[in-house]
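Here Swiss-Prot flags 1-121 as region 'Disordered'. Positions annotated as repeat 'TPR 2' by Swiss-Prot: 183-216. Under the heading repeat 'TPR 6', Swiss-Prot lists 326-361. If you look up Swiss-Prot, you'll see 456-489 marked as repeat 'TPR 8'.
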């Protein structure tokens with residue numbers, strides 16, 4: 001097999017189809033041809049002398065040799081001039097292209113044509129007799145099998161005839177190896193395998209033989225039939241295509257191939273084939289033309305290609321007007337009506353069905369200012385089908401020609417709606433389209449009262465008609481009937497809900513918008529998810545307008561869970577239904593990793609989620625989904641469901657469309673921080689604020705939030721974080737103060753004092769830093785083992801007095817000074833400042849409640865402790881009853 005081409009080996013081994021084999025072979029031949037051309041160019045460049053014209057002596061010697069050697073005889077001993085005469089008499093060309101090229105070269109070299117002699121004529125008569133016998137037989141293609149291998153080919157056929165199949169196969173393989181372009185060995189191999197019963201292998205070799213001898217159309221057709229026996233429609237189409245290459249006008253081949261294309265579902269190719277058949281049919285084949293055009297128009301119409309269907313039917317009507325039947329008129333009118341070309345449909349009906357429309361003008365008022373009114377009359381001959389009459393009515397309605405409709409309507413309503421319900425509906429829909437609701441209502445009422453046409457689509461039209469006429473209650477009943485018959489009809493549900501809301505029935509309005517699909521269906525069916533999303537949008541709007549916030553949040557979470565399904569799995573968040581609040585509602589909870597579906601289920605869920613995501617984003621844009629998410633977060637916080645707001649933010653941050661948008665990601669992080677603080681989840685809040693202050697070191701608002709979070713977290717991990725950040729940003733004022741606070745809380749008073757002094761130097765007029773320095777000195781003086789305690793106390797109170805002067809006399813400043821004295825045991829001085837603070841009102845700060853800044857309870861409690869320790873319990877109780885009782 002080493003001499004075989006790789007594509008042939010792959011085809012024989014069944015690795016590729018025959019179409020692939022032919023494609024690879026053509027590509028290989030093209031590559032080989034290009035490589036030969038490139039080699040020829042290279043050799044011409046390397047040996048430029050070879051491309052020059054040879055000397056005349058060489059030419060003359062060649063000519064003399066050609067004349068001497070039998071005067072240009074062919075291999076069978078006959079001069080080429082005889083062949084020329086023979087060919088000119090028969091009007092045929094040589095089959096062998098190589099011999100034709102040689103003849104052309106001979107003719108170019110010979111200066112004068114050779115005239116036939118008497119001997120040539122004698123030989124010509126012999127050749128004519130021989131060729132006449134050949135022409136009596138079937139014309140066979142010229143073989144590409146070399147003479148040296150013809151004997152071996154004959155031997156292989158003899159071996160096959162004797163039953164020695166293996167030897168015959170080996171001989172054929174050897175011939176293929178030496179002459180891969182000869183079709184005879186492949187044909188013999190096909191017969192051998194067919195004799196063995198291996199029809200698949202036989203077909204393979206037959207296809208190769210046909211490929212090497214492609215002009216035999218009957219062989220291609222036979223191979224197509226064999227392919228169909230093996231249910232290989234694609235290969236059969238390929239064979240018919242090959243046959244049509246050599247017989248492009250064969251109608252049978254075109255018909256068979258188009259039928260196969262229809263079986264394959266390739267509507268376009270099938271219709272192209274049928275169109276070619278139409279072009280090939282003669283004018284005498286009118287019936288066949290009309291039938292084929294009729295079938296093509298129906299097929300185009302079913303494929304929603306109305307324009308092509310109209311073109312086909314127009315061509316049929318123009319070429320064979322005398323063969324147009326009532327069925328053709330009905331089809332043409334249907335096509336034009338579906339394309340809203342009512343004038344064309346009316347023209348077809350009046351031209352080919354015998355129906356006559358006449359305009360009669362009254363004689364009154366002949367002036368141009370007072371144009372005479374026109375009365376249109378309609379005459380319908382007997383035998384016109386009711387279908388065409390109804391299409392005439394539809395056209396008249398849309399063209400606003402209403403005069404002849406009354407007798408036509410009378411004729412229609414005389415028909416039984418059980419039998420002619422579809423015609424009733426066509427006319428009713430035409431009236432609805434032009435706004436003639438009063439005319440449409442009787443027809444629709446007759447249909448909904450029938451048994452056969454008591455359908456959802458009819459009830460829907462009936463409801464729309466009643467709604468347009470203002471009969472809201474009856475319209476609501478009809479919409480309810482639609483929902484009963486078709487529970488998944490979204491538009492009917494929405495219309496029913498809107499009507500019931502207008503009629504003052506909010507509970508029924510909500511009931512109409514109950515979910516249509518279960519969660520499993522929504523997770524797998526993209527169209528179901530799309531319908532459910534539209535319904536939930538209307539339901540959420542209705543719930544919000546009714547003030548039902550828990551139900552409103554349920555719909556928002558349901559919609560967001562459809563979008564964030566994969567993201568929620570990554571965030572380990574699950575949406576559950578629970579009745580913990582007394583009513584059943586949806587809640588977001590955190591679940592463990594082992595409760596999340598395994599990887600295989602996750603992959604399939606991801607694939608489904610991609611398809612569903614494409615549908616969901618077609619209903620709502622990215623910004624609409626973002627607004628929906630914000631509404632859900634705000635609503636959860638309004639209901640004090642802060643933990644669920646956190647989980648929703650976590651899931652949204654796992655959603656790539658939101659996370660990739662930097663602005664939205666930052667906004668989500670702020671939402672997460674706020675929800676965590678409101679939920680008192682300060683550990684999680686610290687994770688948010690830590691990143692924020694790293695990115696915005698010089699933002700005081702973030703440092704204020706950071707201080708609040710760390711103050712409530714009861715955690716000291718932020719100490720090292722602040723120190724590391726201080727090394728990177730040594731000039732940051734907020735970090736300086738925070739590090740002072742951290743050191744003060746940790747008992748490192750000297751470190752705290754250094755940080756406070758640094759802050760004091762940059763902002764000496766800030767009362768806080770004077771207060772912090774004074775308080776630090778007092779704490780240092782309060783330690784058990786300390787040197788120069790008196791100096792520390794003096795320095796501490798000097799800074800506290802500075803704080804008092806900067807802050808001014810107020811409840812806060814006197815209270816803080818009293819606390820310092822109280823800590824040092826200077827009770828009499830502490831009582832003085834406590835009493836002064838107790839006499840002053842609390843500070844008024846915009847945005848903060850007055851009670852939040854009132855220190856009288858704290859002052860009274862400290863005073864009560866002093867009085868109690870001194871034995872004055874009555875005074876202590878009086879203070880507690882006055883300021884600390886609830």
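Every residue gets a Cβ built from N, Cα and C, even glycine.
Across the repeat 'TPR 6' (326-361), the DSSP tally of helix, strand and coil residues reads 24 helix, 6 strand, 6 coil. Helix, strand and coil residue tallies for the repeat 'TPR 2' (183-216), in that order: 27 helix, 0 strand, 7 coil [DSSP].
Along the repeat 'TPR 2' (183-216), the predicted structure has mean pLDDT 83. Look at the repeat 'TPR 8' (456-489): DSSP puts its residues at 28 helix, 0 strand, 6 coil.
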